[in-house]
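Swiss-Prot annotations:
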- 87-91: motif 'DDXXD motif' (MOTIF)
- 87: Mg(2+) 1 binding site (BINDING)
- 87: Mg(2+) 2 binding site (BINDING)
- 225, 229, 233: Mg(2+) 3 binding site (BINDING)
- 314, 315: (2E,6E)-farnesyl diphosphate binding site (BINDING)
C-alpha cells in the first residue's frame, strides 16, 4: 500500500500586515512590453519560454512596485526578468561557472556604453540595455544608482556562493543561511529601484531604523518564500537551501514543527518592522513624504511577493488561489519529467555549464507545478 503523502499547513505570515494587495494599473501594458523585450534576447527554448510565461514576473513587479509611476513599473518588470534569466543560468553552474556569469552582468552594469562582446551570454546585453534606461531616469549623481550597483554586486556574489554550496552539498545553520539569503534573494537591488525618483537624503537612507526595515523586509520575504516553496524544493533535492529543512535538522522537528518555528520567528520580525515604521525620525515635511513613499515601497514588496506566490504559476500551477485559501499542502514524490524553463543552449549557454542542469518536476494534489 502506498503511504499517504505528507500534508502540512502553510501559515499566513501577513495576516495582520497593514499593507494590502495592490496591482498597478500599468500591469497589462508593461507586461506586454517587458515580455517582448525579454523574448527579443531569445533566452530560452520553446519549453523554457512556456515556463517563463507561467511564472509571470511582470505580475510580481506590478504588485511590488504598485504605488509607483508607469516608468518604475516597466523598469521593475525588466529587472525581475533579468533576475530570472540570471538565476536560471547560474542554477545550472557550479561556483566557477556562476562566477563567470557574474563577471559578465556586473561588467555590463558598470560599463553600459561599452558594446558587449559577440557570442557573450545574453545576460550582459540585457543588463546593459536595462541600465542605460534605468540610470537615465534619475540624475547622474543620484545616490540610488550607487545603492543599486552595490546591492546588485552583493547579490551576484551571494548567488555564486550559493552555487558553490550547492555543488559541495554544504549544510549551513539557519542563522548562517539567513545571512546569505538576505543577499542572494535579490531583495536589496529590488528595493533600490524603490528609491528611483525619490531623492532620499543619505542621512535618512542609512538611518539604523531604515536599514533595519530593509533587512526585516528581506527576512519576511525569504522566510515566506521558503515555507511556500519547501515542498517543491524537497522534491527536487534542493532542500539544503531552504530554512524549513535547516530548522528540521537543527531542532529535530518535523515539517509542520519547523514551519511553526519559522512562523514564530517571522512574527518577531513583523513586530520589529512595525515598530521601526512607527518610530522613524522626522527630517522635515518634504523628506518625510519621500521617506514614507520609500517605506511603503518596502512594505508593498513584502505584500506583493506573497500575493504573486499564489497568483502566478511559479509554485502551485493553476491551484495557487486554492492553496492560498485552504493553506494546505501535500509533499509528494518527484517525477522524472521536467517542466522547468531551460536556458537556450545553442549560442547562449556554454556546453560546459549544461552538464549541471537538473530535470525535475513534481505533483501537488495530482497537478504539475513549475520547478523553482
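Any Cβ shown, glycine's included, is placed from N, Cα and C.
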Inset, instruction - Would you count the other CB atoms within 10 A of the CB of residue 225 (Mg(2+) 3 binding site), including those on all shown protein chains? - result: 20
Inset, instruction - Have a look around residue 314 ((2E,6E)-farnesyl diphosphate binding site) and count the other CB atoms within 10 A of its CB, chains all included. - result: 26
Inset, instruction - Among all chains shown, work out which of the binding-site residues 87, 233 has the most CB atoms within 10 A of its CB. - result: 233
Inset, instruction - Give me the Cα-Cα distance between residue 87 (Mg(2+) 1 binding site) and residue 225 (Mg(2+) 3 binding site), rounded to a whole Å. - result: 16
Inset, instruction - Provide the number of Cβ atoms within 10 Å of the Cβ of residue 315 ((2E,6E)-farnesyl diphosphate binding site), excluding the reference atom itself. - result: 25
Legend entry - Cα-to-Cα gap, residue 315 ((2E,6E)-farnesyl diphosphate binding site) vs residue 229 (Mg(2+) 3 binding site), nearest whole Å: 6
Legend entry - Helix, strand and coil totals (DSSP H, G, I; E, B; other) for the motif 'DDXXD motif' (87-91): 5 helix, 0 strand, 0 coil
Inset, instruction - Give me the Cα-Cα distance between residue 314 ((2E,6E)-farnesyl diphosphate binding site) and residue 229 (Mg(2+) 3 binding site), rounded to a whole Å. - result: 9
Inset, instruction - Using a 10 Å cut-off, grab the number of neighbouring Cβ atoms around the Cβ of residue 229 (Mg(2+) 3 binding site), all chains included. - result: 21
